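Here is what TrEMBL records for this protein:
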type: DOMAIN; residues: A:100-318; note: domain 'ABC transmembrane type-1'
type: REGION; residues: A:1-23; note: region 'Disordered'
type: TRANSMEM; residues: A:39-61; note: transmembrane segment
type: TRANSMEM; residues: A:104-125; note: transmembrane segment
type: TRANSMEM; residues: A:137-158; note: transmembrane segment
type: TRANSMEM; residues: A:188-209; note: transmembrane segment
type: TRANSMEM; residues: A:243-260; note: transmembrane segment
type: TRANSMEM; residues: A:302-321; note: transmembrane segment
């Protein structure tokens, strides 16, 4: 690959009887080729970096500037320096801390069961099955459903009086659970939506990783007398560790973004404040409410920076836990 | 997919999460770890999970085909009723869904076309071309995947209104024109699928770099581009957070229209469900037809967008 330049244009007439003007043309041409080779890779990757720079990196940094200013939704072109006031405002707001804790709680109760179920499902799909593609497609259909559709359907299904879930539960002795207004039940309802939408997707990622585990490992384990469960625990899980860590990171980032589910669970004005007691208000809802409902973009930008700090903290914890697991495994 | 990469089947190697490269065509062969047959328990579990996956969608149809009174009744309806078409019609008229559908098609379509072109170019450059800073730039591309859009929506909103795109479709199209996932996906595919000899041969024939892309890279990349195209379309069609902030009632995408239909006033639930049905059915059709390819695409190196 490194020496493609000299071989290029080998089909043009061989040198020898070439006049000096031909020579000039050839060096000119060679220069053009070289420029083409040098510049093309950068030209091909440029669109990504241009788009990311303009609509990703620049806004990200600009967020920091806005967070130190007073900017109102109604007058976007006016800004006034307020220093750390916006940060002080949100850090002293108990609603902000409620949103932090809600985001964390919903993140845990939606991610942990989801990944466990996905792991088990992937194990089942890894057996030799009839119509294996059919099963894979079926469990992936929720992925094709939008947040809006999923949230709206589940909002109906989780209705307090006469909702489908409550109707089913009344057969086993639970009566009229007020899903949307309960401290825990509302979080569970949101987690159910998340779990429903993403389990199939994670299953396929685990399945792909399981299929890459060499058969020899299982054979060796079987010779050592390991049963199926032991094989799953001692061969499959350790081989999947990088994939599992990866899905945990991705799910964590995903749960920081929860917006459509809480917004539409009860809909209307309740959705925009995350329930009458803010019982399911996530950080994204808090940001939206501050910036777009109340119209104060400065504090909203401060919330965005707080989210960045939280993400970095989570990444750090992930890294420490990952190292710890690695050490204890070795 | 794993059977096509001998490197992955070397005993003792632990595959990295992102290294499960595949053919991208969705033609999955039996993997190495797959030796046991599923028993009745396996099928029973799959049937339960499968029903759980499908039921909410089925119930959308049920709720969209009754009047609101029946939907809110106890016990809730479990089979479709006869008001589907009148509900669809009301949803269409009340929420301006006609415009929303056109907008969704324009947004998802242009994002998909741009993503395919630019991501294939970038993926090719990262996979097969030598240039200074390639490694670090690729790392930068992957790192951008971990930045949630929430972090930049406030200035993005100001920027859009500043350049006159406030409330316009451009404001939701341009930020997602070239995704990091697409670049990574195409790179992984071309790394394996495109032999250097093919590029060399074209260059010996006097092709310049863009000519190589046009007549060598694009044909080879076509299967992966199809998968990426479908994944991108699904994502763009379903995108909610940023479009909900950037667009308004007068010029929404389907998802935004749905969100507003339920958020703005006390809505007729069966009409909301009819709207949900309209927004979901096109993608379900894509899934029924191309399910195999989409499953293969996700398995051959997917990252949650």
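The backbone N, Cα and C atoms fix where each Cβ goes, glycine too.
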Checklist entry - Between the stretches A:39-61, A:188-209, A:243-260, which one has more Cβ pairs under 8 Å with the transmembrane segment (A:137-158) than any other? => result A:188-209
Next on the checklist: Counting CB pairs under 8 Å, which listed stretch among A:39-61, A:104-125, A:188-209 touches the transmembrane segment (A:243-260) the most?
Outcome noted: A:104-125
Checklist outcome for this item: Sequence-distant contacts of the transmembrane segment (A:104-125), meaning Cβ under 8 Å and at least 6 residues beyond its ends, amount to 132, 135-136, 139, 187-188, 190-191, 194-195, 198-200, 202-207, 210, 232, 236, 240, 244, 247-248, 251-252, 255-256, 258, 280, 282
